[in-house]
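Structure, as structure tokens:
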Amino acid sequence: MKPILPDYNNAGVLIIGDVMLDRYWYGPTSRISPEAPVPVVKVENNEERPGGAANVAMNIASLGGHARIVGLTGMDEPAKVLTETLNSLKVKCDFVALPEYPTITKLRVMSRGQQLIRLDFEDKFEGTDPELVLTRMERALPHVQAVILSDYAKGALEHVEALIAKARAANVPVFIDPKGTNFEPYRGATLLTPNMSEFEAVVGKVTSDDDLVEKALGLIEKFELGALLVTRSEHGMTLVRPDQKPFHLPTQAKEVYDVTGAGDTVISVLAASVAAGKPLDEACALANAAAGVVVGKLGTSTLSTIELAEAIHGSRDTDFGVIAEAALIDAVKAAQAKGEKVVMTNGCFDILHAGHVSYLNNAAKLGDRLIVAVNTDESVKRLKGPGRPVNPTDRRMAVLAGLGAVDWVVPFSEDTPQRLISEVLPDLLVKGGDYKPEDIAGGKEVIAAGGEVKVLNFEDGCSTTEIIDAIKGGRG
């Protein structure tokens, strides 16, 4: 499966869970301490990153989604750092500040790419009033299409059953990264994402893929779950749902430097993709690709839609296919950053014929990437009149995406693609027919940005209208 990136700008996700601050101290190590047999690190720089549930929120924001987060913090300097950092990324924070507790903070000392020690500053949040979190959840639910409960067993999800019930009552799917060996509190969740160690701690040793599926189905039935996604390290991940075939996904990681936060990335991409309208199997494929990216980074990491697109589609010779506008803009920027020339054209392409294919092949030869923008059904009807289009938008785009000359296919609903072109800003805008370059929609914007506009001739004797008339007349 090669999934297509959704438009994450349409995804609203609420994250509730254990928030923490990850601190990193970096420096070289050149000697052993005379006080004890430990290395001496000369700290030269430091870094602070949101961790735990806050890293989940940061992942969603980095994809372009709308993240809201609820969690428990102290009233201290780490809480301030967390809030300011997340706000700068456009994450809406609604933390419960409890002065009697410290904000959970983890300090890692790093040298030469290796973690030497981790120091944890925390007290488990216990006995907090559940209404503090529930009321914040109620405020957020009307604005989201998915809920993530990120459980690190630090106390924020002490009343997880009530959170699941409230989300289900609002008909919002609940995705949970579980903790511990007791899954009873997660009863009724839409999906759990245990890693293999967490899964085996609950069901016992797994001996084969079939055994994993059988045990996963047992958990699904026992705890009334919608599905289980078991992340399996070098073996990828497996999605198990009742009454459906298991969906095995091989790992996409080329190199593994650090698994810190990989589970956060999986659940964030998964939930954001579902919130943006993707079916669960495609969302899992996207999450698997995302995990392959972040384990190749050091420390708690996020990824962009550009990195995710490249992980999915691989080399420049691989067609991207149908793509959402926001993802296309990111993909074009990535292509241009690598020195690739991006060509763009547009049309209705109602009944694809030899003239279209010849035109698109010629357009593709003018650069490294070809974008085809396609009028939606409503747009075609306004331009061509009643009875058009013959083929709906999704079919027209699917046919175009299957052509070797075409890299991306994107729909637009306006009468002209001027707005879309001004957002994408290709290096070369191409149009077929007898237009003057200055009259082509979007041409002025492309030229102003340093690009070019070119007119190509259509092949004589090929016309969609003629084909339709011939069919109506009973010929051919």
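Backbone N, Cα and C atoms are what each Cβ position is placed from, and that goes for glycine too.
As given in Swiss-Prot:
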REGION    1-318  region 'Ribokinase'
BINDING   Asn195, Met196, Ser197, Glu198  ATP binding site
ACT_SITE  Asp264  active site
REGION    344-476  region 'Cytidylyltransferase'
Tally of residues which DSSP labels helix, strand or coil - the region 'Cytidylyltransferase' (344-476):
53 helix, 26 strand, 54 coil
By a simple count, how many Cβ atoms lie within 10 Å of the Cβ of Asn195 (ATP binding site), its own Cβ left out?
19
Return the residues near Glu198 (ATP binding site), defined as same-chain residues 6+ apart in sequence whose C-beta is under 8 angstroms from its C-beta, sorted by sequence, else 'none'.
Pro178, Lys179, Gly180
Neighbour count (Cβ, 10 Å) for Ser197 (ATP binding site):
9
Run through the Cβ atoms and count how many others sit within 10 Å of the one on the residue listed as 'active site'.
31
To the nearest whole angstrom, state the Cα distance for the pair Asp264 (active site) and Ser197 (ATP binding site).
16
Just jot down the residues in the same chain as Met196 (ATP binding site), at least 6 apart in sequence, with C-beta under 8 A of its C-beta; none if empty.
Val206, Val230, Thr231, Arg232, Ser233, His235
For the recorded ATP site, whose residues are Asn195, Met196, Ser197, Glu198, find every other residue on that chain with a C-beta no more than 8 angstroms from the centre of their C-beta atoms, and list them by sequence position.
Pro194, Phe199, Glu200, Ala201, Val230, Thr231
Return the average pLDDT for the region 'Cytidylyltransferase' (344-476) as a whole number.
83
For Asn195 (ATP binding site), which of the three DSSP-derived states applies: helix, strand, or coil?
strand
